[in-house]
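Visitor: For reference, the structure I am asking about is given below.
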């Protein structure tokens, strides 16, 4: 049977290593690539990336509305028989996808989803750990080593894959265009230089650039990089992995190629190790209820934090009076990215180190300002850095003065 298919783009904003998209193309006569701008995205000011479907003689249909409302209309309007998408582990996404899947079945639409946002199937990791998420990195390493290496990424579809597939136009074409930043409610007059352009092409270009530095890749140890260098001392590929412009599996296997036959650093500090940290927090977020909050979170220490809106605002707005802390928050507000040790410093300062404010408040600020803001990693790292979960050396804190001086002796960063 030849299908009329919708491939639903969400985080997997790419053509390479997209098994759900390839499933859409199988036995497909008509393909509608769809991105849904729903109220949840608007409320969370999540950015969009563009990527190229034109090379495949296709286009993207951007649909406005709640997925549960728009899909039944699209199923009927386009006579859809198959829906494909990339599996998402976040609570909101799981609930949304369950609802859309049920609506699809009611409309006689086959649903196929594939795991490709993470290295492994997160549910499989939990199964291998007796139904519970591993709560230490060492245990996580032990579990994933028993699973073998991540699956190899699959190539992007080619024009040959599209030979028998048509990409219909719509009578109301303008209705499905990509909105401008103005239309999304962003003040474009306040935009600064674009340091990290979005999209798959840019992601793969940056990956290629870093992989050419084989000695740097092999010697990479995250704690040895600088939190306050004027130019990034890490890869800054995290925003591209977060939005799925770059496949984590592609990143993993490119690293494997560079490592082959060479002496190299190892997890947890290596670049492979950084991808496993991502997997660790994803697994924790799936297996631990209420992972992004203190209340009713079974692994989170219940702390009687202070409520101080004035201190919180000063921290967010870079007005604490501590030059190192304020410089970090200024960079975050202007560039949308800061080094992971800089994140450690300002998170420690806000919580157990100085201001004694609930980590949940800091989590909200990072979610709002970070280009690579990721629900699972954000919640997990804030619990770690506030010594609420995973890490419990409560009095081992970052000095808001000495730590910055150590790596910025001339004060270039704070200027």
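Cβ coordinates are placed from backbone N, Cα and C, and glycine is handled just like the others.
All TrEMBL annotations are machine predictions without curation.
Features from TrEMBL:
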| type | residues | note |
| --- | --- | --- |
| DOMAIN | 3-119 | domain 'Photolyase/cryptochrome alpha/beta' |
| REGION | 147-173 | region 'Disordered' |
| BINDING | 234-238, 274-281, 372-374 | FAD binding site |
| SITE | 305 | site 'Electron transfer via tryptophanyl radical' |
| SITE | 359 | site 'Electron transfer via tryptophanyl radical' |
| SITE | 382 | site 'Electron transfer via tryptophanyl radical' |
Visitor: Can you tell which of the recorded sites 305, 359, 382 lies nearest to residue 234 (FAD binding site) in space, using Cα positions?
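Guide: Spatially nearest to residue 234 (FAD binding site) by Cα position is 382.
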Visitor: Three states by DSSP: which one describes residue 279 (FAD binding site)?
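Guide: Looking at the DSSP assignment, residue 279 (FAD binding site) belongs to a helix.
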Visitor: How many helix, strand and coil residues does the domain 'Photolyase/cryptochrome alpha/beta' (3-119) contain under DSSP?
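Guide: When I sort the residues of the domain 'Photolyase/cryptochrome alpha/beta' (3-119) into the three classes, I find 43 helix, 31 strand, 43 coil.
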Visitor: Non-local Cβ contacts of residue 373 (FAD binding site) (under 8 Å, 6 or more apart, same chain)?
Guide: 242, 366, 367
Visitor: Tell me the residue counts in helix, strand and coil for the region 'Disordered' (147-173), as DSSP assigns them.
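Guide: For the region 'Disordered' (147-173), the helix, strand and coil counts are 2 helix, 1 strand, 24 coil.
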Visitor: Select the most exposed residue of 277, 281, 382, where exposure means the fewest other Cβ atoms within 10 Å, treating these as the recorded positions.
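Guide: Looking at the recorded positions 277, 281, 382, the Cβ with the fewest others within 10 Å is that of 277.
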Visitor: Determine the Cβ neighbour count for residue 359 (site 'Electron transfer via tryptophanyl radical'): the number of other Cβ atoms within 10 Å of its Cβ.
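Guide: A 10 Å sphere around the Cβ of residue 359 (site 'Electron transfer via tryptophanyl radical') contains 26 other Cβ atoms.
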